[in-house]
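One structure is given below, encoded as structure tokens.
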Amino acid sequence: MAMIVLFLLLCITDGVVSQIRYSVPEEAGHGTFVGNIAEDLGLDMTKIASRRFQVVPSSRTPYLEVNMENGILFINEKIDREQICKQSASCLLHLEVFLENPLELFRVEIEVVDINDNPPSFPETDITVEISESAVPGTRFPLESAFDPDVGSNALRTYDITTNNYFYLDVQTQTDGNKFAELVLEKSLDREQQASHRYVLTAVDGGQPPRTGTALLVVKVLDSNDNVPVFDQPVYSVSLQENTPAGTLVIQLNATDLDEGQNGEIVYSFSNHISSRVKDLFAIDARTGRIEVRSEVDFEESSLYQIFVQAKDLGPNAVAAHCKVLVKIMDVNDNAPDITFSTVTESVSERAAPGTVIALLSVTDKDAEENGKIHVEILGDVPFKLKPSFRNYFTIVTDGPLNRENADSYSVTVVARDTGTPSLATSKSIKVQVSDENDNAPTFTQPIYDVYVTENNVPGAYIHAVTALDPDVGQNALISYSIMECDIQGMSVKTYVSINEETGYLYALRSFDYEQLKDFTFMVQAKDAGSPELLSNATVKVIIVDQNDNPPSVIAPLGKNGTARQPLPRSAEPGYLVTRIIAMDADDGENARLSYSIQRGNENGMFRMDWRTGELRTARRVSTKRDPNQMYDLLIEVRDHGQPPLSSTASVFVVLVDSVVEDHRERGTAKSKETSLDLTLILIIALGSVSFIFLLAMIVLAVRCQKDKKLNFYTCLTSDCCLGCATCCSRHARARKKKLSKSDIMLVQSANVTGAGTAQVPVEESGSFGSHHQNQNYCYQVCLTPESAKTDLMFLKPCSPSRSTDTEHNPCGAIVTGYTDQQPDIISNGSILSSETKHQRAELSYLVDRPRRVNSSAFQEADLVSSKDSGHGDSEQGDSDHDATNRGHSTGKLSVLVLGWLRLYSSRRVFVNSLSPGCSSIPLLF
């Protein structure tokens, strides 16, 4: 059974994981098991097929075969080591196998072990040696060498000769390890005694058991030739370049012989024991000793040759002289590098990480030293690089990110160049396809799309198209469009617009109305069909374009049955503002720009209309002759500037009156009954809060008054709580014991309206929308007694302008909160009570001022509520409590809240009187 030796060398390098080595004896038959490559390398046997376990084609040999299913290496053809490796000391067969996914390369070396299957053999069975009888002892005679094709320990080991008295063998070893024998004369010969000698020459090898080869050695004793040829030196060395042409001189040998004649004539020849290959490559001239090149010498075959030459004269019993010529072959750079691709990946993903293996290749050069050194590179600017892998193997790997959108394929050219002179190079190219990955999201041509759609469009009409681009290919570039869900006015956007998934066309699903929806925004999404899906969004803003589809709408003045009633004083001057027509148009731009005109009722030219603002004014004075009618029926037209223009009309009755106040009173009487309930409820809430604060102030004041027994005074509270005016108080020492009743106190107009406790309240009556304004200022004083059961707040006549002494610092309508030294006059039973000293009033200032500060905000709120109605009845366009749209044309408040008597310990009754003439009192109990 053949012995198999396994060596496993593990090397972790890129592309090659390990090297494995086997030994197999020569002459093994077909099917002989060498080793299990997969098992010895520790590979997963279940994955060999999926990873495509295979042999590199360039390394295949007919002597070996690998089972690709189980990885078993076996002998395919009988191996004769002597035929494959000749006399080489080491005989190796190489096999390269690899796996894919990932790429792993394994180098398998199979050493063919020599067996002793060949015995040594001599070229001839009979060897004849002629020796002159004159030869002296110690003379050497080289014998033909035996040849043993085995190597190593099985090679030729020694020679042996039949034991005798004349000769012995001296076995010598050449520089290449071959052995040869020299026959050494031990005792002088005598031809006359013995003319020839026969011995058995035996060649023995080193095998176990050793094998031998024999030849018959015949020694003929010749007559004496006294001188032998002599070479200049025993060993010659010479250098010869490979590829030297035939006939080139290698060396000129020269041997000399002192004899004359034929005994001195020398003949040169190769020794009998040189190899036949040397005889094929070199030739020697027998007469001249000139050694020439016979055929081309190749350094890659052998770098050194030994030529053994002998010189023999032509005399009888000639003795040959020997020398050795060492021919060193010099390498010439005659072999270009060879590039072999073992495996090539057809395509690589553009998402492949840097360092991904694309191909495995090997580079070899048969030359040596500098001529065999190789530099390998990739030509051009490509995202690939070479990486040394194992010995002369290289891998082509990615050298950066790939982008198929920039380049979908690459031609990779590998150049191998040696360093010889001249340098030789070889190049090979492979084509690498870059496969697409979904690495690009669709991109809209615009981030924001402005789409203009005219209102009243047809549902289902095309309105715009959005476009997205994807540089990928195939499914990765197949884009579908959609609308992202959102709400518009409480409804899904998909009830407003739709999109074609394939083309990106947008369609309106309803007819838009500019007056209801001026614009809306939604997001569209573009998504490719790659894996994973990539998407992007864009904003679409739909802008509704207005059409003139809405006529103007008159909102003021409004009256009963669509007709507004406006008063006109007979004393009105030209330019008097009768009213102002207010209209609006739901359209926009020019479609909403309005013009006003009088269409009917102004035949006598009494009025003029401002076509821009809608103000209706008098064009002249009212004339009894020209204007006998008491009423003007005007038809006002409001027209927009759209195309085509649309218009509306309003009917206004202008009634001639003696004064605006009378007209207001007549209308206010009818309306006050309808609105009194709402006003009463508001006043109850406001005045109830104020009364509670006043009650607290009274209690605090009473406690302080009891502490000061020597001081009896009257406390007067003002209408500041409801009107924002100052208060007046007076205390009379002589009235200490007198209990005042309601009839004891009167409210009179003060001579100095700027004193403390005095409020100046502006009262303003106005017509509707710019009618003639009449301003009157009223100044009042309020005196209260703590002992009285009830307190009245009464209104007097308006203040005279001449009586105001400080109008610049405190004009009518301003609120005075400070106190002065001057006390207001208090009338009790027809007599004016005098004031006490400033010291006594100072004691009360805090008590009086505190409730005023606390209640001021509450009464201001109540004032705002009550000022919405003037108390003149139904509110029309000419009334002061018109709709909020006409508040800007009113120049003052029309009413003021009035607080009545406050009862300290029992129920309160409040009287509210309007400042306007003809107002009525409203009693409230709480």
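For all residues, glycine too, the Cβ spot is worked out from N, Cα and C.
TrEMBL lists 869-886 with the feature compositional bias 'Basic and acidic residues'. Among the features that TrEMBL reports, domain 'Cadherin' is placed at 16-122, 123-231, 232-339, 340-444, 445-554, 568-658. According to TrEMBL, the feature region 'Disordered' maps to 858-889. What TrEMBL records for 679-703 is transmembrane segment.
DSSP places the residues of the domain 'Cadherin' (232-339) in helix, strand and coil in these numbers: 9 helix, 47 strand, 52 coil. The DSSP breakdown of the domain 'Cadherin' (123-231), given as helix, strand and coil counts, is 3 helix, 54 strand, 52 coil. Using DSSP to sort the residues of the domain 'Cadherin' (568-658) gives these counts of helix, strand and coil: 4 helix, 44 strand, 43 coil. Shown for the domain 'Cadherin' (16-122): DSSP residue counts in helix, strand and coil, namely 15 helix, 42 strand, 50 coil.
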